[in-house]
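Participant: Got a structure here, written out as structure tokens. Questions coming.
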Amino acid sequence: MEREIPEEVRRRRLSYKKRDSFYHQSWESSIRRPSHVSPNPRGNWGSKWEFLLSCVGLSVGIGNVWRFPYLAYQNGGGAFLIPYLVMLILAGKPIYFMELAFGQFAGVGPLAIWNCVPIAKGVGWAMVTVSLIVCIYYNVIMSYTMHYFVSSLSSVLPWSVCDPAWADMSTCFVDIADYTNSSRASNGTELQPASQQYWERYVLNISPGIEEMGTVKWDLALCLLASWVIVVLCLVKGIKTSGKVVYFAATFPYVILLTLLVTGLLQKGAMKGVLFFVTPSFEKLLDINVWRAAAGQMFFSLSVSMGGLIMYSSYNDFQNNVYRDAMVVSVLDTATSIISGMVIFSILGAKAEELNIPIDDVVKDGPGLAFIAYPEALLRLPFPQLWTVLFFLMLFILGLDSEFALLENALTSLSDEFDFFRRNKLALTILSALVCYLLGLPCVMNGGAYLLTLMDAYGGGTAIIFIAIAECGAIAYLYGLGKFCDDIEFMLNVRPGWYWKFTWAFCAPCILLFIFVLALIEHKPLKYEDYDYPDWADAVGWGLTLISVINIPLWAIVTVIRMPGENFRELNDIADGHALYNFRWSGNLSICWFTEAAMKVAEMKKISQTWCLFKLALVGFRQVS
């Protein structure tokens, strides 16, 4: 029996008369459509596990094993850990959940999703741009791991000896005991382990500074090319290919990390390093640059505000429990970072005990820390060649998971936005990989390590914080916090509580803005170990940041110009009322899905399917009663 339409619904229907007319015509032709049609015409994950493991692979990457430990070492150990955890609770986890829910509800990538708030379309372009920047230098790090993987296949590990071909024989050592009574022995702080000299003198053959870029190291260039070929092969069929790879890629690294943790903790002096890692220095806690580094690493590690999470969740079933997925992945990501930190600092503690020097002086801080400490730790295991091969295979796989998402994020976004790219996605994938490879070649020159550090600090650190601020503001204040909570309740049947609303609308954007502004005021020139970057390099770094964030105001201006005579509120009319009005921006909310949803709700509530369709699409009520 049909139910009479309430007066409130009639009033809202009149205010959206034109839209209602379109939807009414659409319903008549759609009600008889088969219920087995996919709710997302772009395709879906093969299973919920594929999505969850892909998110784990995206968030738990090389950054946890490589970037987190060196930033912690650079910023005082425990003094870095506390800001990291604070930022995780107040900003990281809330934005992670927000992006997964946003992408799943819309069913489209980071560009098309902002059709709900046209004036904020630049946030999507900024996400795609920063993903491509990170994509370029991230694969360079993967080329390092591939170089070490190939080197590990030799009968003698290269860094297990001091080879005169690359080592400074007056300072190089493998076992400090062998040099204690040697004529070459000097002050402990001047000695360098073979693993460090192998990294600096052979792998990088590093120049004195970024002013002297030198020539391309063709061994690294070949590794970089091989890495890109593997990435393209894994993305031939998009998520259908990468979704299968992650079953192994997201689980294997934990076996290796836990083995290294146990081995590291058994070494003499290891606890000294662990205590350095967990004990905060209150002097460092007052340094705003430590907080900025912690915020940047937290966002880099979780991969929030880069578009990858929106892209992945857009392939979900509409009613997937994305809240559970967000909690599981964010906890796993943090645990992995802490485990990696404990592994590194246990090694540093043991080395400090061996050399009888402070932990701060064991090695120079910098992005090469993981490629110095880990290989040295693996030498202490039985069958070191086997463990070294497995470890660098693990690092490469960790990077592969994240590289999938970084490149697929851009590909999906362009395919959603432009039909030409959707029809030629394979060609777009190959072309994008080729361009990124060519742009990455300067990073494998003699001065490439300086350029990589510059891109990491500015292109993948500072820029992401600014994008996160704009993203929170656009969703909470332009789209509307109430409507966003309605969307989540409609999708998950659970309404976000006060913690989520407070962090989305106030806490996360305000804290990030405060850190961003203070970091600008107290900005310090970038350093690579003991090398100070010149002013022009600092300017290049800010240029990298600007390349991505300039999209936000630029697209806002373009939107205003394209809509002359419209006021600010009317610019966002597409989001007025409720997201359910606008099928253009929401791929998941297709007519087909409405039909299926109405059938389910009608069966549950024992009321008319036609009435359910009308109420769901017209007013988006949180509950059909």
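Counting begins at 1 with the first residue displayed.
Backbone N, Cα and C atoms are what each Cβ position is placed from, and that goes for glycine too.
A TrEMBL annotation is a machine prediction, not a hand-curated record.
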Participant: In TrEMBL, the residues GLY57, VAL60, ASN64, LEU398, ASP401, SER402 are said to bind Na(+). Which of SER160, SER170, SER281, SER301 is said to bind at that same site?
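Facilitator: For the Na(+) site that includes GLY57, VAL60, ASN64, LEU398, ASP401, SER402, TrEMBL also lists SER301.
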Participant: From 78-102, 428-452, which range did TrEMBL mark with transmembrane segment?
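Facilitator: TrEMBL lists transmembrane segment for residues 428-452.
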Participant: For the recorded Na(+) site formed by GLY57, VAL60, ASN64, SER301, LEU398, ASP401, SER402, name the remaining residues of the chain with Cβ within 8 Å of the site's Cβ center, in chain order.
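Facilitator: What remains near the Cβ centre is VAL56, LEU58, SER59, GLY61, ILE62, GLY63, PRO253, ASP333, THR336, GLY399.
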Participant: Checking distant contacts: for the transmembrane segment (541-561), what same-chain residues at least six beyond its ends satisfy Cβ-Cβ under 8 A?
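Facilitator: Sequence-remote neighbours of the transmembrane segment (541-561) are 118-123, 125-126, 129-130, 133, 454-455, 457-459, 462-463, 466-467, 470, 526, 533, 571.
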Participant: Under 8 Å for C-beta pairs, could you tell me which stretch among 123-150, 294-315, 458-481 has the largest tally with the transmembrane segment (428-452)?
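Facilitator: Per the Cβ count, the answer is 123-150.
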Participant: Among all the protein chains here, how many other CB atoms are within 10 A of the CB of GLY57 (Na(+) binding site)?
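Facilitator: If we count other Cβ atoms within 10 Å of GLY57 (Na(+) binding site), we arrive at 29.
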Participant: Between the stretches 123-150, 218-236, 294-315, 327-348, 458-481, which one has more Cβ pairs under 8 Å with the transmembrane segment (502-521) than any other?
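Facilitator: Out of the listed stretches, 458-481 contacts the transmembrane segment (502-521) most.
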Participant: Helix, strand or coil for SER301 (Na(+) binding site)? Use DSSP.
Facilitator: helix
Participant: With DSSP assignments reduced to helix, strand and coil, which class does ASP401 (Na(+) binding site) get?
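Facilitator: Helix, per DSSP.
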Participant: Restricting to the chain of ASN64 (Na(+) binding site) and a gap of 6 or more, list residues whose Cβ falls under 8 Å of its Cβ, or answer none.
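Facilitator: In sequence order, SER301, ASP333, THR336, SER337, SER340, LEU398 meet the Cβ cut-off.
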Participant: Do at least three C-beta pairs under 8 angstroms join the transmembrane segment (218-236) to the transmembrane segment (123-150), pairs 6 or more apart in sequence?
Facilitator: yes
